[in-house]
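Below is one structure, written out as structure tokens; comments come after it.
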Ligand SMILES: O=C[C@H](O)[C@H](O)[C@H](O)COP(=O)(O)O
């Protein structure tokens, strides 16, 4: 498939799942708004539903600066975790999804806030295109780890001792490292297939200086997968 046509196909799949997820949101609910190109379609469709009157009285909790900008652009009122004690539904993307619905997230460096919001939601829906499905986490995507800037050197050493190959994420159209919404840095850590995601998640988070890593284990309730079947875009559910 030519590159432009492949990009267009992925865009259509992302759009389909984003819309399907936004259609599952009910009026009078608090909605976690994830980060990334797939969730952006969900946020846009939530805004469309509010505008048309199909949906009323929702409030969003953004997981990033990007989500907050999009929510404002599409007319979704926002709130914070200081104002509300629970989240009804969260919609978020992922970089890898394994057959047990465990995830790697953080391709957009937003996984720390995403984990706070997604973990609090009564229902956490993940939106991905079919290219994100893997047999084992870590096989196609390096694991993002958010680190305090002053701890980059010791955390790098500790991650190497765990068998990883950490690389400082560098900015695009900006010299130097990516700085997260919280003012920290990201180490992208290549592991061979991750055999025990739950143990690795807590082991990494126990390294002093680590804020959060992108392993989301046992959090997702439903994965919506955008696929092309016989030339037609469709959405498959993984429960
Ligand atoms: O930090 C970013 C997030 O975890 C995203 O949800 C993830 O990277 C997937 O993004 P996209 O839908 O753009 O592939």
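For all residues, glycine too, the Cβ spot is worked out from N, Cα and C.
Given the structure is predicted, the values throughout are model-derived calculations rather than measurements.
Database features, via TrEMBL:
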ACT_SITE  114  active site, proton acceptor
BINDING   35, 36, 37, 38, 92, 93, 94, 95, 105, 106, 107, 108, 132  substrate binding site
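Here the C-alpha separation of residue 105 (substrate binding site) and residue 114 (active site, proton acceptor) works out to 9 Å.
Long-range Cβ proximity for residue 92 (substrate binding site), meaning a same-chain Cβ under 8 A and a gap of 6 or more residues, is found for 32, 34, 35, 36, 39, 63, 105, 114, 117, 118, 124, 125, 126, 127.
The number of other Cβ atoms within 10 Å of the Cβ belonging to residue 107 (substrate binding site), over all protein chains shown, comes to 22. Summary: among the binding-site residues (35, 37), the fewest other C-beta atoms within 10 A of the C-beta are counted at 37. Listed in chain order, the residues near the substrate site other than 35, 36, 37, 38, 92, 93, 94, 95, 105, 106, 107, 108, 132 are 34, 39, 110, 128, each with its Cβ within 8 Å of the site Cβ centroid. Residues 35, 36, 37, 38, 92, 93, 94, 95, 105, 106, 107, 108, 132 are listed as the substrate binders, and the farthest two of them sit 16 Å apart at their Cα atoms. DSSP assigns residue 92 (substrate binding site) to a strand. The Cβ of residue 132 (substrate binding site) has 23 neighbouring Cβ atoms from other residues within 10 Å, across all protein chains displayed. Residue 35 (substrate binding site) falls within neither a helix nor a strand when secondary structure is assigned with DSSP, and so counts as coil. Taking a C-beta cut-off of under 8 angstroms and a sequence separation of 6 or more, residue 94 (substrate binding site) has the following same-chain neighbours: 103, 104, 105, 126, 128, 132, 216, 220, 223. The DSSP secondary structure for the residue listed as 'active site, proton acceptor' is helix.
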